[in-house]
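If you check Swiss-Prot, you get these features:
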type     : residues              : note
ACT_SITE : Glu139                : active site
BINDING  : Cys96, His138, His142 : Fe cation binding site
Amino acid sequence: MALLEIIHYPSKILRTISKEVVSFDSKLHQQLDDMHETMIASEGIGLAAIQVGLPLRMLIINLPQEDGVQHKEDCLEIINPKFIETGGSMMYREGCLSVPGFYEEVERFEKVKIEYQNRFAEVKVLEASELLAVAIQHEIDHLNGVLFVDKLSILKRKKFEKELKELQKKQKHE
């Protein structure tokens, strides 16, 4: 397994619309395993393939259990996802491994139902609510070249751009 480099905003790579996965082979399995290792090392709960430079419609989500630990066997590997149903509305404070250090409230569906494939190309259906529903929507957005900061109000977006410039200035002087 290998740690992969996470691509950061404002890289144009993050705006790529990912392509459907067609080969469910050992290479794909290795990519999923590397993505999981990278996500855990980066203290994230979700990671889309495009965030590590792979323009493929796949993502992983591994929510921590009540003890705060993310168990590998709980990791969802979601390939070629499609929304079947969505419902409700909620605000959730989101962050992103590609936009480190910035968190903001984003409006999301409260519940989602998706169809996807696992690493063995088996078709699955998943109903999710609350944090899992938010994470699924956030990661699927990545597959479509959309970041959570794109969903902010104009005022919050200006605040984000200002904070980003200040952070970049600070990093140049370190």
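Cβ coordinates are placed from backbone N, Cα and C, and glycine is handled just like the others.
Overlay of Swiss-Prot annotations on the structure.
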residue: Cys96; record: Fe cation binding site; CB count, 10 Å: 26
residue: His138; record: Fe cation binding site; CB count, 10 Å: 24
residue: Glu139; record: active site; CB count, 10 Å: 24
residue: His142; record: Fe cation binding site; CB count, 10 Å: 23
Legend entry - Beyond the site residues Cys96, His138, His142: chain residues whose C-beta lies within 8 Å of the centroid, for Fe cation: Gly46, Ala48, Gln51, Glu94, Leu97, Ser98, Glu139, Asp141, Leu147, Phe148
Inset, instruction - Tell me whether the residue listed as 'active site' sits in a helix, a strand or coil according to DSSP. - result: helix
Legend entry - Three-class DSSP secondary structure - Cys96 (Fe cation binding site): strand
